[in-house]
Structure formats: C-alpha cells, structure tokens
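Participant: Have a look at this one before I ask anything.
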C-alpha cells in the first residue's frame with residue numbers, strides 16, 4: 001500500500017490541528033519536512049513517542065510551523081502501518097501548508113474513511129467495529145456512546161463469530177450424514193443436533209433483533225414532532241428543550257412558517273426535535289407551504305408532542321389534531337398554566353385515550369421536568385443499561401439479521417418436513433454467510449467502499 005495523509009481534525013480556528021500520515025513511507029516522508037533539535041530525525045526515535053520540532057519547506061529550510069510529532073511504528077497502530085501525527089497550531093493556512101508539504105514529498109491525499117478502512121483491511125478491526133467508529137463520532141447521548149464503544153471493543157463481533165461457529169459445527173454433522181448415508185444412527189443424531197443447534201441460533205438472532213428498536217433510537221434518535229394550533233407555545237417548547245432560542249417566539253399566529261429541526265438529549269433519549277408550522281387553514285401561501293410540510297413530517301414521526309392552550313377552550317382544530325395522531329405515540333402538553341384555565345381537561349384526557357398528559361407554563365419554565373420524565377418513561381420503561389446487552393442499531397446489521405433469521409427458519413422448516421439433508425445444508429450455509437457480512441468475512445468490495453466513503457476525511 002502507498003502512504004496516505006489527511007487533516008484529521010475539523011477545519012477552522014482551534015487550539016490544535018493534526019495532520020495524519022499512514023503507510024510504509026510515513027516516517028521517511030515526515031523526516032523530509034521535519035527539523036528536530038540537534039539534528040534529531042524521526043526515523044531514529046522509539047515508537048509511541050512524541051517530539052518537538054519544526055516543519056520546514058526544503059531546500060530553503062523556511063519554517064512553516066512549530067509542531068509536536070507523534071511517531072507510531074507498525075504493527076501497534078490503528079492501521080497496523082507506520083503512523084505519524086503532526087500536531088500543529090489550529091487554523092486553516094498553516095495546517096494546509098503542512099499537508100501540502102507531506103503530499104509534495106510523496107504521500108497521497110487520503111479518501112474519506114481510508115485510515116479506518118486500512119485498519120479493517122489489515123485485520124486490526126472487523127467491519128462491525130469499523131462502523132462503530134462512525135457511530136461513536138455521531139453519538140448524541142452517553143448511552144449511544146456506550147453502545148458504540150461496546151461494538152468497537154468487539155462485543156457484537158464476538159457474538160456473531162460464536163453463532164457462525166455453531167452453524168459451522170452443525171454443517172460438519174450434515175456433511176458426515178451426506179458422506180455416510182448408510183448409517184441410520186448417524187442420520188438420527190444429525191437430525192437431533194440440527195434441531196438443537198438451529199433453534200439455539202434462531203433464538204440468539206431473535207434476541208439481537210429485539211434490541212434493534214431501542215438500538216436504532218440510540219443511534220438515530222426519535223423523530224419527534226411538535227404540533228398544535230398556531231401560538232400555543234410550540235416554538236417556546238422547542239427552545240425550552242434545546243435551552244437555546246432556535247425559533248422565533250411572538251404573539252403572532254403563524255410565525256413559524258417552515259419546519260425547524262434540532263437534536264436534543266432528553267434524559268438519555270436522543271430526539272430529532274421538529275417544530276412545525278401550526279396546522280390550520282390559511283390564505284398565506286408561504287404559511288400554507290409550511291403547513292403541508294408539517295403534515296408530511298407528521299406521517300414520519302416516532303413521537304408527537306401535541307401542544308394545547310390551557311387558557312382557551314378546546315377547539316374543533318384541536319380535536320382534528322387528536323384524530324390526525326390516532327394510534328401514534330403522543331404526549332399531550334397543556335401549556336400556559338400561568339393563565340386562567342378554560343380548557344376541559346377531562347375531555348382532553350378522554351381524547352388522549354390513556355396517553356400521557358402533562359401541564360406546563362413555558363413562560364415560567366414550569367413543567368419541563370414532568371415532560372422529560374414522560375418522554376423517558378414512554379420509550380424506556382426500564383432504563384437501558386448499555387453494559388447488559390449487545391445492542392444492534394445499524395440498519396445494515398438489522399437487515400442482515402432478519403435475512404439470517406429467515407434462512408435458519410427455512411432450515412428448521414426443512415428438517416420438520418424431512419426434506420433432503422443437502423437442501424437444509426443450503427439454508428444453513430446461507431445463514432452462515434449472511435452473519436459473515438456483519439463482520440466483513442463475506443462481503444462484496446463495493447459495499448466496503450460505500451461504507452467507508454461515509455466517513456469524514458482523515459478518519
């Protein structure tokens with residue numbers, strides 16, 4: 001492989017920026033642009049050490065940057081190659097100059113995710129661990145971070161490998177049965193082992209799939225839509241949950257004319273919070289577009305926060321909103337409790353049909369804790385302890401596990417129907433291959449390229 005280089009930190013002003021190199025010539029290329037005290041070279045130092053010096057533009061020896069350089073020699077590195085990390089002052093110009101000098105001396109600009117891809121190709125991590133790197137970067141809550149860390153440490157990989165080993169052992173018994181069909185006792189034993197092993201694998205796959213709903217919540221967040229008539233406090237609710245003024249709050253109905261999104265962490269529950277334009281009939285063409293978008297977002301929501309005005313009587317529009325969210329996960333919020341109550345709370349609870357109803361005065365910042373508790377209890381009836389289970393949160397993994405479950409079910413069905421043993425072998429092999437796709441043991445190169453292209457440059 002050639003030697004790659006990229007800026008590994010976000011571009012912009014900051015305390016430190018890092019240029020990373022990885023490959024067989026990483027140390028030699030770095031030496032060409034590094035000037036150490038008393039003529040020290042990076043090739044002469046011990047691995048896993050850091051050194052002060054300057055990056056210079058040779059042959060003029062013009063000093064470009066004052067740096068600290070980490071030297072990490074193969075194979076004890078993330079990529080299992082020689083790795084150099086040049087720690088520069090944060091900024092745009094100088095760090096770019098350092099990168100350009102490295103490229104001029106023979107490094108190639110890395111593709112997105114190429115450092116992690118090399119870690120995978122060199123056997124440092126498997127595919128599920130590589131995907132967990134991106135999950136860790138994108139984690140919005142402590143729980144999501146813990147789930148990603150568990151996957152990075154190989155918890156899912158170990159489970160998948162054990163299941164594949166069980167299937168492989170079962171296939172070995174099938175092979176014996178095919179090779180020695182004349183022995184009835186072998187056939188009987190094979191049948192018993194097949195049922196036991198296949199049933200056990202199926203149960204473990206089902207256990208993993210049961211974690212997928214909460215796993216996806218942790219990974220992607222709940223699509224949470226705030227709805228209600230104009231001027232009931234939807235934007236105030238968004239701002240209270242986000243703790244920032246993201247939406248315009250006025251007394252004028254229809255102020256929010258579009259969909260406003262924000263990612264928030266509510267007691268460990270990641271929410272993709274969406275504030276919609278008030279749903280009502282309107283002649284204003286701009287507001288009408290916002291209302292249509294609100295209706296579309298509503299259809300795709302995981303959770304609805306339906307806001308009503310505590311100081312007004314329940315309107316026909318309010319009732320229609322309840323009808324629009326029938327059968328969905330809804331929390332009803334009676335806002336403006338600081339004003340004289342006029343709403344029929346018994347009628348509201350009747351329309352809520354057992355779903356949570358909380359009261360708030362967003363103006364006085366009252367009732368937010370009750371709302372957060374309702375959100376948490378609705379989705380985590382028992383608090384998730386990410387250390388207790390292996391969670392599946394990746395859509396690709398979920399799809400593969402569903403296919404593997406069907407394959408093992410087909411194998412069990414074939415055994416029950418006494419189909420030829422070599423037909424059962426096909427289904428078992430299919431399940432074994434599918435599970436291999438999760439960890440990258442049996443996956444097409446184009447899929448690998450696609451997965452790593454989603455990473456940021458320098459990772």
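Glycine is treated like the rest: Cβ placed from N, Cα and C.
Annotated (6S)-5-formyl-5,6,7,8-tetrahydrofolate binding site per Swiss-Prot: 20, 85, 124, 459, in sequence order, evidence recorded as sequence analysis. Per Swiss-Prot, the feature domain 'TrmE-type G' maps to 221-380. Residues or ranges marked as GTP binding site by Swiss-Prot: 231-236, 250-256, 275-278. Marked as K(+) binding site by Swiss-Prot: 231, 250, 252, 255. According to Swiss-Prot, the Mg(2+) binding site annotation covers 235, 256.
Mind mapping these onto the model and telling me what they sit next to?
Facilitator: The Cβ neighbour count for residue 124 ((6S)-5-formyl-5,6,7,8-tetrahydrofolate binding site), using a 10 Å radius and every protein chain shown, is 17. In the three-state DSSP reading, residue 124 ((6S)-5-formyl-5,6,7,8-tetrahydrofolate binding site) counts as coil.
For the recorded site, residue 235 (Mg(2+) binding site), the DSSP three-state label reads helix.
Cβ neighbour count for residue 231 (GTP binding site) (all protein chains, 10 Å cutoff from its Cβ): 20.
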Participant: Report the nearest neighbour of residue 85 ((6S)-5-formyl-5,6,7,8-tetrahydrofolate binding site) in space among the binding-site residues 231, 234, 235, comparing Cα positions.
Facilitator: 235
Participant: Rounded to the nearest Å, what's the C-alpha distance separating residue 235 (Mg(2+) binding site) and residue 124 ((6S)-5-formyl-5,6,7,8-tetrahydrofolate binding site)? Just drop the number here, would you?
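Facilitator: About 48 Å separate the Cα atoms of these two residues.
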Participant: Could you check the binding-site residues 20, 234, 459 and say which one's CB has the fewest neighbouring CB atoms inside 10 Å?
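Facilitator: Relative to the other binding-site residues in 20, 234, 459, 459 has the fewest Cβ atoms within 10 Å.
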Participant: Looking only at 85, 235, the binding-site residues on record, which one has the least crowded Cβ, with the fewest other Cβ atoms within 10 Å?
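Facilitator: Selected from the binding-site residues 85, 235 on minimum Cβ neighbours within 10 Å: 85.
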Participant: Record lists 20, 85, 124, 459 as binding (6S)-5-formyl-5,6,7,8-tetrahydrofolate; longest Cα-Cα distance in Å?
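Facilitator: Overall maximum Cα spacing for these binding residues reaches 19 Å.
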